[in-house]
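Residues or ranges marked as transmembrane segment by TrEMBL: 15-34, 60-80, 87-105, 111-134, 154-174, 186-206, 213-231, 237-262.
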Amino acid sequence: MIVSRTVTKPHTHRWMYPLVYALLLVVFFLPLYTEKPYAPQETSKVIQELLVATSHPEPYTTLSPLFHLATIALIALIAWRPARAGRILAAYMGVNYLIIGWVQGQGVTETYGYVVQIGNVVACALLGIMWLIVAFQNRLSISFERLDWRHYALAPLALLAFWAPAAVINSVVYPDFNPLLLLTSPAYGLSYCLTTPVFLFLLIIALPNVPPLAYRITAFNALPYGLVNMMSLFDPALWWMGILHIPLLALSIVALIAGRWAERRALHPRR
């Protein structure tokens with residue numbers, strides 16, 4: 001039996017949500033640093049080039065299997081020892097976000113030279129610190145005991161992000177359904193947009209035993225990244241990248257809705 005450690009009342013931080021969302025949007029729209037100047041209307045192109053440049057971030061790609069294996073081990077731990085899994089999951093998320101901020105937030109692009117996506121670096125740092133605090137306070141509990149058809153329906157989205165079946169050849173992103181990528185894909189664990197869907201999926205499963213503010217920040221922060229990357233669908237060289245960002249967009253929306261439902265059920269429990 002899992003004892004919930006989330007004692008925060010659902011309405012405690014409700015008044016803060018609009019302010020927090022506004023601040024997250026401000027962070028998202030922080031200007032990029034580029035070695036070569038760019039026009040404001042080129043912002044999306046700069047970000048797309050940075051995503052391609054950091055899709056195989058050397059020398060960190062050698063660590064890719066560790067992120068896959070660590071995630072599999074976490075899922076096994078949730079199934080086997082759920083009472084211990086919450087704190088470890090929160091700590092893992094915190095560390096992983098800090099790594100992503102360092103690895104994916106900067107890179108050398110073909111057109112603009114060295115680029116730093118300041119908003120992504122700041123957001124990942126905030127997420128990393130936040131989830132490490134959650135781990136320290138031991139405020140996340142998770143179990144597979146109450147899985148239902150809705151969770152299974154979302155699982156393919158998380159699996160697609162975990163697999164990240166893509167290959168970049170001459171700055172063009174192609175589908176690559178090599179099953180070995182389930183353990184070696186350099187995108188999972190090293191990119192925000194393909195790691196976050198797996199975290200959101202696990203947090204949805206954990207509801208309502210998740211700190212509401214940390215949960216909402218994680219879900220809402222993913223939303224603009226998912227929306228902006230849908231523009232890749234209209235670029236012949238990057239359309240597959242757009243497809244791979246569907247889990248981020250879909251799971252961020254579902255997470256926000258599911259979180260709201262969980263709060264309502266907590267305020268008005270069924271008798």
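The backbone N, Cα and C atoms fix where each Cβ goes, glycine too.
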Leading contact stretch, 15-34, 154-174, 186-206, 213-231 vs the transmembrane segment (60-80) - CB distance under 8 Å: 186-206
Contacting positions for the transmembrane segment (186-206) when only residues 6+ beyond its ends and CB under 8 Å are counted: 51, 54-57, 60-61, 63-64, 66-68, 70-71, 74, 78, 86, 89, 93, 96-97, 99-100, 103-104, 120, 123-124, 140-144, 147, 151, 154-155, 157-158, 160-164, 166, 215, 218-219, 222, 225-226, 229, 244-245, 247-248, 251-252, 254-255, 258
Contact call for the transmembrane segment (237-262) against the transmembrane segment (154-174), three or more Cβ pairs under 8 Å: yes
Residues from the same chain, set at least six apart from the ends of the transmembrane segment (87-105), whose C-beta lies under 8 A from its own: 54, 57, 60, 67, 70, 74, 77-78, 116-118, 120-125, 127-135, 138-140, 142, 189-192, 195, 199, 202
Contact set, same chain, for the transmembrane segment (15-34): CB under 8 Å, 6 or more residues outside the stretch: 43, 46-47, 112-119, 122-123, 126, 213, 216-217, 220-221, 224-225
